[in-house]
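As written in Swiss-Prot, here are the features:
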type     : residues : note
REGION   : 1-32     : region 'Disordered'
COMPBIAS : 18-28    : compositional bias 'Basic and acidic residues'
MOD_RES  : 20       : N6-acetyllysine
MOD_RES  : 42       : phosphoserine
COILED   : 55-91    : coiled coil
REGION   : 120-148  : region 'Disordered'
COILED   : 190-378  : coiled coil
MOD_RES  : 356      : N6-acetyllysine
COILED   : 438-526  : coiled coil
MOD_RES  : 518      : N6-acetyllysine
REGION   : 520-562  : region 'Disordered'
CROSSLNK : 579      : SUMO2 cross-link
REGION   : 579-652  : region 'Disordered'
CROSSLNK : 580      : SUMO2 cross-link
MOD_RES  : 585      : phosphoserine
MOD_RES  : 586      : phosphoserine
COMPBIAS : 603-620  : compositional bias 'Basic and acidic residues'
COILED   : 628-947  : coiled coil
COMPBIAS : 634-652  : compositional bias 'Basic and acidic residues'
ZN_FING  : 949-988  : zinc finger
């Protein structure tokens, strides 16, 4: 990284100004390196320190020189950038104005050609020609125009002498200054301008022909000689003015060229002044250099004098050697004096050159200031006295007067138009006010009818909403009713099946009873037990059939009777359970809104009926065939039991039917409550759900209690009947189940207590809900009353609507009458519109006249604008020529500067030649002395030592490092470069591949 940084530093440091490098290369052949006197040195360290001090001085001088060169180069770069920016801006402006010039010249020529065509085709309509010229002129593109090709000479009309002179002046002024890339454009511009001049000359000739026709016509007619003389005078004056205008244009062109030349001279003098300033700075720098050199020489001279006076007489022992040294010191002293005189002469000559340049600079500055003052203080009287200014002033006054007349006519026409419009608008406003009054009446009546209609619609909407609510309630109750009907139909079908089974079992029972009677008869004959069985009761047997089947003594009849009894008991139990399930389902539907006490009886009865059924089922199979001795007593008991069971079943059916009726009534009430609770808030619904859950929990608790009782009774019975291991195992299981159920009972009791506490709260809430239901029922009654009132009001509204329809029909008839009046007024309006059209036609004529006059005004304005554009175009041409001259001036200044530089270098070379001649003469004088050969030999050795490479001390110096300008042999430099030791052996300055070159010393 250090090597790279050294390379960059060396590269930056070596970039000096090219001019200085050239001067340095020129002077290397002539300048002599002065020896440096280090004085008395006692050691190598002291010598190194003195050498380093001298090197530091030299480096400081080089740094100052480099900074000065950098400042000069920066100033020069800034000047060049400013000049380039100004040149670009002027080029852009010239290009833009040149394009505008081409477009305007093409438009002028096209306009003139169109006027010529119109005048040649229709000379009998001169009044319309001016109006048409404005519409016929097309906008042509300068790049695609046919004007790029100039007309041939045979089709051009002959020009007058002033016009020819003007065209020739234009051609002579532009052809010499045009470059190759702009020749086509310049040719087009010259051709266009020449054609414009031709057109103006042709117009002048047409005017002269018209004047001659007028004169000839006037010669045939006697009266009007004064007018003819006046026209002749005017024609002569017009011709004279046209000649004067062309002459003035030529003069303006010539003056503009002279002005541009003067301006170019001013710019050239300014550049000269700048160059002189730079040369003065260079000369001052040379003077400073010479002064420094003079000071050095003075120091050397003083040292030589001191050595001459003191040191050389004491330095040696032999007189010959001392004498030789004295002669050498005297010779050096004379040489130094001669050099001092030469330098003084050179300084005097340079001073004379500087004074001369200073005088030239002051003269150029004075002329520049004088020209600037003259340019700034251009008087206005000169501008006002020009013919163009006076002509434009006269045209402006004429156009201004015409515009004032046109404005007055336009104001009069606008006043008439406004008066007619105001009268028409007043009539229309009167009719509109009448129409608005009638419309307001109609609107008020229609608004009243709409209000009544809106009231009727509101009543209708309220009735419709109530109907939809009732319909929705019926739709909600419909699915429940359908489910109940479906359940009832399924239960009826089941009852029919059970009835069929009962009939079949009765038939089988009769057959069994007949067999039993036969068996009894056989048994009475065999065992003499006739009195006990001689009084059978058919009704009793029919009623006590299940009991008999259970306690029948016959071995063959017992299984059938047991099966029939089990089926009958199952049928009755199924019927009762189905009815109970029907009641439970009906109560569950209404349970969400009904109080908790209504659903408990059916669930309470169900656990009461279940243990009886289970006991019957257990007792049925558990009763085995009794012994033959106790058959009659058991038969009586079974009959009594069967009668009691049938009586209980009939009572149970009656109770279930009554409960079914009550449940249906409660279901209807619950439907109403359900509709009411659907509109209740969510909190009350949650309370009702809690109450329903509480009822279910209570029912489960009761059911569990009944099951526990049944299980306890079953355990007692089984403990009496069964004493084997199976019974004990069942008892243990039952006890475990009892413990589990007791634990569950304790939990349910706790839940029951919590639910009871909640029931108190929910009961209070239920009472509040009942009060709210009462209020809602009251509101429903009030709504019904309001609905009845609305119905009555609706009837009244229908009657009012009929009356309003009749009034509307009457109003429609009135509207028809008003429409007829409006039609009549429309007829009058049409007549007024016809009058307005007639007025508008007259107004259109006035406007046409106004447009014609405005077109004439615009034509005059266009002529004025064209004249102004022509002046601007001429100015642009002038600026273009000036820019061309400005472009040429830097080239001239550069060539002049190059010549001056060459002359300056020539002078310097002559001075160097004279100095070398004087040195040669001095050397020739030195050869006269006796020991000159020895001196020359020593000098030759010294020079050879200087010419040998200090690195290898064998080869000659033939390569120079451009970074520090130390000289070595090419092989050493290349070897160090290839070995990547890219630093100078003397000053340790880094160098690159392009920083060492061969040197040929001759």
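In case you wondered, yes, glycine gets a Cβ from its N, Cα and C as well.
The model shown is predicted, which means the values in this text are computed figures rather than measured ones.
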Using DSSP, break the zinc finger (949-988) down into helix, strand and coil residues and give each count. 9 helix, 7 strand, 24 coil
How big is the Cα-to-Cα gap, in Å, between residue 42 (phosphoserine) and residue 356 (N6-acetyllysine)? 53
Between the stretches 55-91, 438-526, 628-947, which wins on the count of C-beta pairs under 8 angstroms to the coiled coil (190-378)? 628-947
Based on DSSP, tally up the residues of the compositional bias 'Basic and acidic residues' (634-652) by helix, strand and coil. 19 helix, 0 strand, 0 coil
Cβ distance under 8 Å to residue 518 (N6-acetyllysine), same chain, sequence separation 6 or more: which residues? none
What does DSSP assign residue 42 (phosphoserine), in three states? coil
Least buried of the modified residues 42, 356, going by other Cβ atoms within 10 Å? 42
